[in-house]
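As annotated by TrEMBL, active site, proton acceptor applies to A:Glu344, A:His345. Among the features that TrEMBL reports, NAD(+) binding site is placed at A:Tyr145, A:Gln207, A:Asn230. Look at TrEMBL and you will find A:Thr253, A:Gln275, A:His278, A:His345, A:Asp378, A:Glu432, A:His437 tagged as substrate binding site. The Zn(2+) binding site feature in TrEMBL is assigned to A:Gln275, A:His278, A:Asp378, A:His437.
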There are 2 protein chains.
Amino acid sequence: MLGKCFRIVGVNILTGDAARAALKRTFADNPVPESVLQRSAALFGERLSPQQAVDRILADVRERGDAALRHWTQLIDGVDIDVVQLPAHLIESARVEPDLHEAILVAIARVRAFHEKQPAGGWIEHTEGGALGQLVRPLERLGVYVPGGLAPLVSSLIHTAVPAVVAGVREIVVATPPGQGGQVHPAILVAAREIGVEAVYRVGGAQAIAALAYGTESIAAVDKIAGPGNQFVVLAKRAVYGSVGIESLPGPTETLVLADDGADARFVAADLLAQAEHNGAEPVLVTDSRELLIEVERELARQLENLPEPNRSWARDSVMTRFKIVLAGDLDEAFELANLYAPEHLCLLLQDAWSYVGKVRRAGGIFVGEASMEALGDYAAGPSHVMPTGGTARFLSPVNVRDFQNIISLIGLNEVTLREVGPHAARLARAEGLEAHARAIEIRLQDGKAH
Amino acid sequence: MLGKCFRIVGVNILTGDAARAALKRTFADNPVPESVLQRSAALFGERLSPQQAVDRILADVRERGDAALRHWTQLIDGVDIDVVQLPAHLIESARVEPDLHEAILVAIARVRAFHEKQPAGGWIEHTEGGALGQLVRPLERLGVYVPGGLAPLVSSLIHTAVPAVVAGVREIVVATPPGQGGQVHPAILVAAREIGVEAVYRVGGAQAIAALAYGTESIAAVDKIAGPGNQFVVLAKRAVYGSVGIESLPGPTETLVLADDGADARFVAADLLAQAEHNGAEPVLVTDSRELLIEVERELARQLENLPEPNRSWARDSVMTRFKIVLAGDLDEAFELANLYAPEHLCLLLQDAWSYVGKVRRAGGIFVGEASMEALGDYAAGPSHVMPTGGTARFLSPVNVRDFQNIISLIGLNEVTLREVGPHAARLARAEGLEAHARAIEIRLQDGKAH
C-alpha cells in the first residue's frame, strides 16, 4: 500500500479516526528516561525526576543565592563563574562578521516593525457618570532566558526581547548558559547590545530561572521571565510562576504542513526537514493528495541524504520517531485535524492558500504560501518565533507586546453613578453576606455629599 | 505616641524603611498551619502539605475520573453527588427576589458594557512585500471556578464569565462546590442563565480544577480555567497550567487606601472594613496626615462596633492581624510605597485624586475619589473585580477580554520579501547551526519560481 512507498520514513500513513487519535494532545506524563535518572544520580546522589531535580535547585538558589549559582553551574555546565554578570566591556567590544551583524540588524528591525503595529494602548471614557478605562503600563524589569546548547540562539533573544522593547520595558536582562571559560557567544552579545539589554548573566537552566525569580546577591529579581528553554527551564518556570510572571511554557517545536496536490514537493520536504533538525521536534504533514505523498517521500530521501552532519542525524531522528503523515479525505477534514492538533506552526502550501486562512481556529502562526515559509519566520519575517507548542495554542498566543504590559483598571465614577448603581451593588453585597461592603456604599449615599 | 491612639487597632504605625520592608512582597513559604495538617491526616491518612494534598487529588481525578470526583466531594464537602452536572431544568427554574435579580442584571450589563469598550481586534497589513498581521480568535471552551463558602459568590461568576462572553467564547462551563443535598445557590444559577453558561458542575476545590483540566466521563476538558478560589484551588491551577490555560493565581484580597488630610475619615474607615471582612484580607492605609490617622482610628472603632456578627469578627481579625498603617513623609513617598506594594485595589481618597493617577505604575485597579469606592467596583462599576493579588500586579492584569482570546500570527509574504530578507535569514540559520533551515529558504531563492 501507500505506506510501503515511505522507505526512508518508514511511518504509517494515518487516516480518519487513527489520524484524530494521533493528533489529539493528551498531556500524558512520559516516563523519565533512564539516562536522565542516571545523570541526576551523578549530580544529586540519588535518582530524581526532572521536577524533583528542579525543585532541589530552586530551593538551593533561594537559600544560598550566588553560591548556589556557582555550585550548579560548575556541576552542570562544567564552568567556574566567579562573577555571574558578564562585564559590560565584553558586551561593548563583541564583534561578529559584518554579514552576520547586518542579518542581526535586519531581524531586529523587522521584529520591531511588526510589533509596533500591534494596537496596545489603553483607553479612558468620560461620561456623565464619571470615567472608566484601562491604563496600560509596561513591565518594569524583564528576564529573558536564552538557551545554550550547540549554537548561539541569537534569534531566541531577538524574538523575545524586541517585543518587550516595543512594549516599553526599560530594564531587560538576559540569562544564558556560559560556554567554556564563562564565555557567551559574540552573536548573542552583539544582539544584546543592539537591543539595549541592561545586563547579561552567564547562568542557565533551573538555576537561572531561580535567580531571576527570587534574586541573588548579583541578580536583582525580575517581574517576568520569558523565552524558551529545555525541559528543566520549563519546569522551573512553572514552579516559580506566581512569585514572578512567565509568558508561556515553550516545549519542543512542531510544524504542521497542510498541502494539496498543487504544492511543490521539494518545498514541502524542505520545510519538514527544517523542522526535523530541531531536537525533539515533531514534523506533521496533512494532505488530501496521495500523489503528493509519494513525491514528498522521494524528496525527503534526497534532501536528507544531502544534509551535512550532524543536521542529517538530527533530522533523521525526528523523521523516524515523531513524523506524522496524515491523508485527509478533503481539505475540510485537513483543517479540522489541524485545528484539533493546534500546531505551533501551520504552513499552508495550498493552491489558493489565502482563501483558507479563515478556517484556522487554533495555531501559533499561519505561514501562507510558498514564499512565506517557517524558516523565514524563525528569523526575520516579523512576528516573534516564540509560539505556543504542545497544543497550548488552544489557550496561548505567540510572544507579543501584550506579554510585556499590564492593564490597570481605572474606576473614577461620580455621584450620578453612585446613586444609580450603588443600591444594586449593596444588594449584591448583602446577598453575598458582606455587610461592610454594603455599608461602605451606603455611607456615601446617606451622606449626600459624595463628590 | 501616635501608636497609642490606636486602641482598637493596636498596630504600629510604619514610616520610612520600616514601611518599605513591610510593604515589599517576599513570597516566603509560610509554615503550614497545624490545623491544615490535622485535616489532611483525617482525609488522607497522613499529614500532607496543601501542595501534596492537591497533587494526590489531581492524580486521582486524572486516573479515576468521576469516581474520584464523587469520592473527594463526599470526603471534603460531605455531599453525595451521583450526577456531577446539575440538571438543566434546575438552572431554568432558579428564582431569586426581584430586587436581587435586577441587581444581577445591572452588574452583568455594566461588566459587559465596560469590556465591550476594550480594543480587542486583530489586524492585517498588506504591503508590496506581502501581508503580516495578528488574527484574534476566542477560546473555544472555558471553565469558570466559582468559590463556595458561606455565601453564593454570584459576583465572582459575573466578573469572570462576562468578559469571556464579550471575547466571543461560546462554551462556558461553571464548577462550584455543592451545598447540602448537592444544591447550588439560586443566585448563582440565575446569573449563569442570564450569562448563557453551558453547564454547571457541582464540584469544587482541587478536584474541580482537575476535572476541568483533564476531563472526566461527565466533564469535557476545557481550554482554560479562570476564577478565584481558596489555597487548594490556586495550587491546583498552577499544577495543571500547561495542560490547560489559567488566567492568574488569585490569592487573598487586599486594598491600599491612599488618603490625605482632605479625606473623610468615615469613608476611609468604611473602605478598610469592607476589605477587612474578607477572609485573609490585608487592609493597608497610607497617608501623609497624622490628623487623619487619629480620625480613622476613632471611625474604625465606631464602625467595627456597629457591624453585625459574623462580619465584625471577620473584620476584627483582619484588622488585628494584617492591617498595615503607613505614615508617609509626603504624597510622593506615599505613591512610591504604593507602587512597591503593587496592590490589587488602590483607592485614592485625595483632594485632587485625578491628578495623581499618572503616578501609579503597579496596581490591579485604581479607585479615584470618594464616589468610586472599591465596594462598588466589587459588584457593578464595570471592570472585572478579579484583579491581581499578592503583588502579582507587577506582571498580571485584571481579568479582561484578552484573557479569553488568542492571537495567531499571520505570515503571508511574497517573493519580494523572500529575496530581500531570505539571505539574511539563511545567514542567521547557519550561525545557529541549522543547515536545513537555511536550505528551506534557499531552495525557494534558487527556484526563482516562488510566487
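A Cβ is built for glycine as well, from the same backbone N, Cα and C atoms used for every other residue.
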Nearest-integer angstrom distance between the alpha carbons (Cα) of A:His345 (active site, proton acceptor) and A:Thr253 (substrate binding site): 8
Inter-residue Cα distance where the pair is A:Thr253 (substrate binding site) and A:Gln207 (NAD(+) binding site), in Å: 23
Listed recorded positions (A:Tyr145, A:Gln207, A:Asn230, A:Glu344, A:His345) that sit near chain B [CB under 8 A]: none
From A:Tyr145, A:Asn230, A:Glu344, the recorded positions whose CA lies within 10 Å of that of A:Thr253 (substrate binding site): A:Glu344
Secondary structure of A:His345 (active site, proton acceptor) (DSSP, helix/strand/coil): strand
Rounded to the nearest Å - Cα separation of A:Asp378 (substrate binding site) and A:Glu344 (active site, proton acceptor): 12
Cα separation, A:Tyr145 (NAD(+) binding site) to A:His437 (substrate binding site) (Å, whole number): 44
Cα-nearest neighbour of A:Asn230 (NAD(+) binding site) within the listed recorded positions, A:Gln275, A:His278, A:Glu344, A:Glu432: A:His278
For A:His278 (substrate binding site): intrachain residues, at least 6 apart, with Cβ closer than 8 Å: A:Pro252, A:Thr253, A:Trp314, A:Ser318
Cβ neighbour count within 10 Å of A:Gln207 (NAD(+) binding site): 29
A:Glu344 (active site, proton acceptor) and A:Gln275 (substrate binding site), Cα-Cα, nearest whole angstrom: 11
Among A:Asn230, A:Thr253, A:Gln275, the most crowded of the binding-site residues [Cβ within 10 Å]: A:Gln275
Nearest-integer angstrom distance between the alpha carbons (Cα) of A:Tyr145 (NAD(+) binding site) and A:Glu432 (substrate binding site): 44
